[in-house]
Ligand SMILES: Nc1ncnc2c1ncn2[C@@H]1O[C@H](COP(=O)(O)OP(=O)(O)OP(=O)(O)O)[C@@H](O)[C@H]1O
Ligand SMILES: [Mg+2]
């Protein structure tokens with residue numbers, strides 16, 4: 001093996017093979033298995049801390065849990081056993097809940113991801129087999145074909161016009177050619193680069209984090225920026241922590257000023273802090289998202305990055321590629337006219353020679369050309385493969401003494417390389433009259449929705465061709481392709497539009513073809529912006545145009561990226577859906593990067609979401625799931641910021657107003673524990689249509705309005721309870737606490753049934769799991785307050801009249817909440 005600091009390709013191929021104990025024939029299955037154990041899976045980064053203990057440890061040092069642990073220790077030392085037990089119970093419960101739920105969530109996500117894992121073709125036991133990329137080991141012999149990602153760092157064993165796009169690493173947009181070589185970088189392939197054309201076999205030398213760019217890509221993956229929603233939630237969390245700190249210090253100070261017992265006051269303050277903190281929020285987020293992911297999988301959408309679900313729900317612009325998403329991608333050759341417009345056998349022959357002699361697996365256009373026959377007597381000599389910048393492909397073909405460079409590609413691309421034209425009456429110069437004639441032909445065919453490629457030739461002297469040789473060509477004619485629109489695409493676009501998502505088509509194809517398709521699909525805005533028009537455009541103009549225009553044609557991979565960025569700068573949450581090598585940069589840059597199963601590896605690797613069926617309708621379904629998860633997370637947050645927060649606030653104030661604590665610290669903690677439990681059903685809940693009808697991201701203002709309205713209501717009823725207990729029933733500490741505990745539990749828990757939906761509660765029933773957790777929590781609360789354990793917890797029996805009065809207050813509160821939620825919840 002090479003010295004650690006010199007690149008792996010510095011040694012001659014033969015000695016590398018020797019030190020890897022490998023050969024052209026590949027490894028045996030048993031040897032591969034042994035090596036997998038030795039070198040580990042071929043993943044850029046080892047899976048992050050999956051060990052249970054590490055996880056629990058990480059939870060225990062979170063600030064809130066730490067405060068709790070300290071409070072528990074103090075309670076324990078001072079002999080307050082009940083507090084100690086309950087605090088320990090809360091810590092254990094919240095940590096277990098978090099760890100277990102998160103593990104399950106991850107297992108679900110992993111299983112889904114495995115469904116769309118990339119595979120590699122390797123030689124094992126002498127046969128070519130397909131295995132997950134993760135299982136590639138040093139010494140494996142791999143076959144590569146266009147569109148695949150190179151799975152490991154390695155050396156070429158054989159190559160035929162093998163071209164690799166290393167843009168990700170070097171920034172170079174043109175593919176570079178790679179050959180079998182000794183101790184030269186030309187013979188080295190790097191994991192994560194895109195194999196774009198030709199064919200090759202390679203031996204894997206380095207895998208996993210040891211690859212040259214493994215470390216870089218791991219860093220990239222780890223630093224997936226938080227979504228707007230995550231940032232919003234985090235900010236809210238910080239706000240709550242500040243408020244909590246303020247409140248707790250205030251209560252503590254007040255109690256000390258009034259000379260209350262310091263230890264009890266401290267424990268009460270800590271209990272308040274615990275009550276105020278939405279400690280289940282991270283768990284609710286993960287569980288809601290993973291449940292969302294599982295439900296989306298049922299709707300044929302696999303989620304690779306969980307947080308992308310937020311982006312999908314918030315997405316208000318969807319950009320999509322044309323072929324395969326909007327069209328059937330069952331491309332057929334509809335004609336091969338020369339410039340006179342009549343079908344020509346010569347055009348077909350040249351097109352077939354070009355398509356048939358190219359190395360590697362033919363793409364859909366080439367496959368259509370080759371459907372009726374191959375290159376015939378033409379022999380392959382060399383090739384300049386296709387790339388998305390040039391938009392053309394050439395082969396050097398020979399037959400007897402004759403040698404021809406045959407170029408085919410987008411009409412503009414080919415014409416710009418032509419000097420003359422073949423006509424039925426012999427060659428003619430490419431003058432203005434001829435250009436006009438060709439333009440008319442193009443307009444006629446492309447306007448009818450036919451995709452076009454131009455074919456041109458040139459007699460050639462040498463035996464090796466390069467990009468620079470593609471000039472002074474003679475135009476032979478055109479290939480026309482039919483690619484019918486998907487019947488479902490128009491309907492899907494309508495659905496997306498209705499759901500508040502603006503659909504834009506970004507294609508590498510010609511403007512008339514794109515416009516024709518858009519018209520067929522019933523799209524409204526038919527103005528087309530082309531790549532060449534965009535070229536010199538100042539960013540400000542482009543920024544304005546990308547919002548207005550829905551159709552983009554002749555866009556290069558970089559152009560796609562530019563459009564996405566411009567949209568994002570305008571505050572749009574952008575989705576990009578595509579399947580080609582040329583779509584990967586845009587998929588990566590979009591907020592929600594979407595690809596389809598069976599797309600090129602490069603596109604699938606860049607995507608956050610993968611559709612199992614290449615159908616926009618599937619995406620429209622998945623979108624609804626994204627919005628549902630948003631709805632449920634918002635429910636939890638609203639619950640926390642209104643009723644729970646209000647209750648804790650009232651309690652803090654009451655504790656100053658009356659000579660005893662309104663609830664003992666243990667009772668406050670108990671209250672919080674039961675309340676938390678009642679909410680664990682939220683991720684399962686259904687969401688009403690108003691929530692899924694429009695895209696929405698994080699918004700603080702409506703949340704504040706909700707908190708102010710519902711918090712005020714909750715406080716008003718707390719005051720009423722307070723007045724009732726102090727002045728009407730002249731309750732002593734135990735009775736006061738029992739009544740207050742019951743009132744606060746009932747209002748806090750039951751209000752979920754009202755605020756989970758903006759409509760009348762009797763029209764939207766909750767999911768049975770949520771109903772179950774809520775009612776069970778309430779039942780336990782009632783049992784603890786009034787049952788045999790009551791004395792242990794500091795509760796006392798209540799007179800019937802007081803019970804009735806509390807019941808009445810709760811009913812009144814719920815009725816008022818049902819009325820006020822119309823003002824408090826966002827209306828759509
Ligand atoms: N095999 C090929 N040989 C020559 N030219 C090609 C070939 N494939 C594509 N082209 C040219 O490159 C252009 C861009 O390719 P392509 O249409 O696949 O891009 P795209 O942005 O993915 O478009 P779409 O929206 O249709 O998926 C084509 O319109 C065509 O002019
Ligand atoms: Mg495409």
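Indices start at 1 and increase along the chain as displayed.
In case you wondered, yes, glycine gets a Cβ from its N, Cα and C as well.
Straight from TrEMBL, the features:
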type     : residues : note
DOMAIN   : 7-80     : domain 'Cation-transporting P-type ATPase N-terminal'
TRANSMEM : 60-77    : transmembrane segment
TRANSMEM : 83-100   : transmembrane segment
TRANSMEM : 239-259  : transmembrane segment
TRANSMEM : 265-289  : transmembrane segment
TRANSMEM : 703-729  : transmembrane segment
TRANSMEM : 735-755  : transmembrane segment
TRANSMEM : 767-786  : transmembrane segment
TRANSMEM : 798-820  : transmembrane segment
Any contact, the transmembrane segment (798-820) to the transmembrane segment (60-77), with at least 3 Cβ pairs under 8 A: no
Same-chain residues near the transmembrane segment (767-786), Cβ under 8 Å, at least 6 residues beyond its ends: 670-671, 674-675, 677-682, 684-686, 738, 741-742, 745-746, 749-750, 752-753, 756, 793, 795, 797-798
When counting Cβ pairs under 8 Å to the transmembrane segment (703-729), the leader among 83-100, 239-259, 265-289, 735-755: 735-755
Contact call for the transmembrane segment (83-100) against the transmembrane segment (735-755), three or more Cβ pairs under 8 Å: no
Within the domain 'Cation-transporting P-type ATPase N-terminal' (7-80), residues counted as helix, strand or coil by DSSP: 46 helix, 1 strand, 27 coil
Cβ contacts under 8 Å made by the transmembrane segment (265-289) with residues that lie 6+ beyond its boundaries: 64-65, 67-68, 71, 74-75, 80, 83, 90, 94, 97-98, 101-102, 104-105, 233, 237, 240-241, 243-245, 247-249, 251-252, 255-256, 306-307, 309-310, 629, 632-633, 636-637, 640, 644-645, 647-648, 651-652, 655, 661, 664-666, 668-669, 671-672, 676, 679-680, 682-683
For the domain 'Cation-transporting P-type ATPase N-terminal' (7-80), mean pLDDT (0 to 100): 81
